[in-house]
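Taken verbatim from TrEMBL:
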- 29-46: transmembrane segment (TRANSMEM)
- 58-76: transmembrane segment (TRANSMEM)
- E117, D146: UDP-alpha-D-glucose binding site (BINDING)
- D146: active site (ACT_SITE)
- K287, D311: Mn(2+) binding site (BINDING)
- D451: active site (ACT_SITE)
- 523-541: transmembrane segment (TRANSMEM)
- 561-578: transmembrane segment (TRANSMEM)
- 646-667: transmembrane segment (TRANSMEM)
- 687-710: transmembrane segment (TRANSMEM)
- 717-737: transmembrane segment (TRANSMEM)
Amino acid sequence: MGREESVKAEAGLPLFDIKQAKGRVCHQLFSSTVFFGICLIWFYRLTNIPGAGQQGRMSWIGMFISELMFSFYWILTQPVRWNVSYYLPFKDRLLHSYEEKLPGVDIFVCTADPIMEPPAMVINTILSVMAYNYPPEKLTIYLSDDGGSNFTFYALLEASHFSKRWIPFCRKFSIEPRSPEAYFSQHFDAQNIVNPQEWLATKKQYEDMKERIQAVINKGSISEEIKNQHKGFLEWNHNVTKQNHHPIVKIVIDGRDKKSLDNDGIQLPTLVYLAREKKLNWPHNFKAGAMNALIRVSSEISNGDIILNLDCDMYANNTDAIREALCFFIDEQRGHQIAYVQHPQNFNNIIKNDIYANNPHAVNKVELAGLGGYGAALFCGTGCFHRRNSLCGSKYSNENKQVWNVKTRKGDKRTINELEQRSKVLASSIYEKGTQWGKEMGLVYGCPVEDIVTGLTIQCRGWKSVYYNPEREAFLGVAPATLDICLIQFKRWSEGMFQIFFSKYCPFIYGHKKIKLCAQMGYCIYLLWAPLSLPTLYYVIVPPLCLLQGIPLFPKVSSPWFIPFVYVFLSRNIYSIVEALRCGSTIKAWWNLQRMVMIRRTTSFFFAFVDTIIKKLGLSQTTFVLTAKVAAEDVSKRYEQQVMEFGSSSIMFTLIATLAMLNLISLAGAAVKTVMLVEYLKEMERLISQVGVCALVVMLNAPVFEALFLRKDKGRLPFSVLFKSVVFVSLACLIPVR
Ligand SMILES: *[C@@H]1O[C@H](CO)[C@@H](O)[C@H](O)[C@H]1NC(C)=O
């Protein structure tokens with residue numbers, strides 16, 4: 001076949017393939033045996049409730065309710081596991097047949113605070129996406145700075161200069177990854193560097209730039225000399241603060257300009273700085289508000305058909321990521337249904353065995369992929385490619401196939417000044433008043449996890465979404481390196497998601513007849529995190545208390561009813577270990593995950609549950625807590641050594657310590673009683689399951705005891721926490737549980 005012909009043949013080929021994971025029927029069979037076991041447990045609980053006046057009646061009923069809640073949640077997690085699907089793009093076919101027709105792509109990078117999110121980190125993300133393997137005249141990068149900081153603007157200017165060297169450097173030597181920080185912090189062998197002179201010169205230019213940015217930040221102000229370099233600095237008069245400033249839009253690199261060339265004389269992508277207007281006492285709707293301002297401003301300046309949105313700490317680790325994602329959108333058969341392509345959240349600072357369980361392998365490779373299988377991949381707020389149309393509120397319709405906007409903006413005759421002035425209007429805070437923005441258009445307002453709701457509304461307008469988890473991770477962010485920050489994040493997420501469940505967006509109601517029932521259930525795996533705290537708390541509090549007082553809550557070991565309990569427990573856990581190992585985790589990481597699951601459920605989810613109820617009663621307002629992306633040096637060191645970081649006496653830590661101590665003390669109490677009291681020893685056959693539950697909780701909590709009793713470093717638990725936990729446990733032991 002001549003080249004001409006092969007091109008023609010390829011034009012009709014699909015651009016992606018969907019593979020279903022094997023073993024669906026096996027899994028369904030297995031699920032039904034577990035479900036049978038669960039039914040037996042319910043039956044046993046119902047038929048063996050201690051009579052009125054008997055010991056432990058209320059505790060028994062509580063156990064039954066907790067187990068019902070666990071079972072219900074378990075049922076929610078099943079359908080996604082029956083439909084795990086992998087999406088495989090064919091980017092070479094795209095290259096051969098569609099190169100001329102590639103659409104414009106706008107990349108949004110959002111930052112909110114120059115202290116928590118250092119500008120040097122932000123520009124690494126920017127540089128990594130500027131260096132994408134994509135026609136630069138079709139690529140526009142927007143930095144949304146909700147901190148309204150001239151330091152961030154300065155860093156962006158520096159990045160725009162450095163990109164002239166960095167992009168050709170990446171192209172010439174096929175550098176990967178294209179975040180300079182990530183690239184230069186790799187280990188290099190001298191002989192592997194193709195051109196040492198150029199390598200060293202580029203590295204030096206990068207380090208110098210970093211130093212200049214750091215110097216400005218250390219100084220706390222920008223010198224007159226720097227200010228004279230760009231008229232953009234004039235925007236920062238003394239009235240500009242983070243919460244209160246006029247809209248600032250600066251086109252830092254104009255891709256239409258013949259003079260915007262890199263050092264090799266090749267066109268640069270367009271680069272835009274945006275700080276939307278903020279006014280005191282005017283709702284700015286957090287990140288959703290920033291995204292919507294970006295959508296409007298970008299429609300004026302570049303109007304790319306595809307939008308990629310990224311958090312400022314997520315650099316691009318695969319230069320072909322745009323092309324891969326485009327395969328899904330451009331495919332002639334199925335592409336027109338797809339609204340967005342979500343990548344999982346991956347991190348570049350995950351340590352061995354992942355003590356904070358930041359990389360949930362099974363969630364990424366099974367649950368989310370299963371939701372994707374139902375065409376309902378979650379929108380997670382970062383690492384997501386969108387079709388501009390669907391994000392702006394249009395309904396899916398079978399008739400209107402997208403005509404891609406492949407024209408570049410070369411023909412646009414408006415001056416930079418005109419574009420900036422027009423953009424400022426779109427980025428002003430009053431612009432949205434009386435419009436559908438935040439309701440039907442753009443990201444949905446009024447919820448702390450606006451991404452999930454937005455994704456749901458898009459699917460309910462008839463679109464499908466793709467979950468794409470490539471072997472080589474496309475975006476890498478920074479995972480929290482302290483327990484504190486992990487728990488705060490989970491509290492924020494679980495609270496926001498529980499609010500969705502209670503709002504008009506509850507998937508069972510809002511998604512009824514619009515998305516599949518299995519997808520509705522899949523959404524609820526996450527939306528119901530917060531109430532899951534209640535049965536978990538019950539299971540770590542009541543069995544130890546009853547153990548101390550000799551009240552049995554489980555069947556005797558010799559009773560046939562013991563079997564379903566053991567079967568459900570073992571099959572659940574063995575299944576979960578196998579699943580984790582198959583997804584590339586380790587046994588130790590799985591164990592760490594079990595600990596984190598317990599800690600999250602008993603602290604983050606519980607506080608989220610309480611706060612949601614308080615808010616429902618109208619007693620308090622939504623707040624948004626930003627978490628730091630960088631950790632102090634000794635903290636990072638302990639993180640690398642897989643040592644849990646506590647170091648304060650926050651209420652969450654006190655709760656963790658109290659629950660751990662409760663189980664330890666009751667286990668010790670049970671041991672003493674077994675030796676001292678003959679009656680207690682006789683009961684042991686009925687109490688042994690409770691001993692097992694407590695022992696498991698104690699084992700999971702080993703790092704907590706270490707932090708309470710053994711450690712001397714700054715990350716240990718302070719003595720006051722130990723003291724408080726012992727007081728609380730003593731009080732709890734006084735409660736009669738009968
Ligand atoms: C990031 O990209 C590099 C290639 O530059 C690859 O070797 C590495 O595996 C990627 N990282 C992850 C976590 O996938």
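Quick reminder: no glycine exception, Cβ is built from N, Cα and C everywhere.
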Original post:
What parts of the chain pack near the transmembrane segment (561-578), using Cβ distances under 8 Å and only residues at least 6 beyond its ends?
Top reply: 30, 33-34, 37-38, 40-41, 44, 48, 74, 362, 554-555, 587, 590, 689
**OP:** Determine which recorded stretch among 29-46, 58-76, 523-541, 687-710, 717-737 has the most C-beta pairs below 8 angstroms with the transmembrane segment (646-667).
**Re:** 717-737
**OP:** Would you find the one among the recorded positions E117, D146, D311, D451 whose Cβ has the most company, meaning other Cβ atoms within 10 Å?
**Re:** E117
**OP:** Give residue numbers and ranges for long-range contacts of the transmembrane segment (717-737): same chain, 6 or more residues beyond its ends, CB-CB under 8 A.
**Re:** 56, 58-59, 541-542, 545-546, 548-549, 551, 646-649, 653-654, 657-658, 660-662, 665-666, 704, 707-709
**OP:** Calculate the distance in Å between the alpha carbons (Cα) of K287 (Mn(2+) binding site) and D146 (UDP-alpha-D-glucose binding site), and round it to a whole number.
**Re:** 8
**OP:** Looking only at C-alpha atoms, tell me how far D311 (Mn(2+) binding site) is from E117 (UDP-alpha-D-glucose binding site), rounded to the nearest Å.
**Re:** 10
Original post:
From the Cα of D146 (UDP-alpha-D-glucose binding site) across to the Cα of D451 (active site), what is the distance in angstrom?
Top reply: 18
Original post:
Including all protein chains displayed, how many Cβ atoms other than that of K287 (Mn(2+) binding site) lie within 10 Å of its Cβ?
Top reply: 23
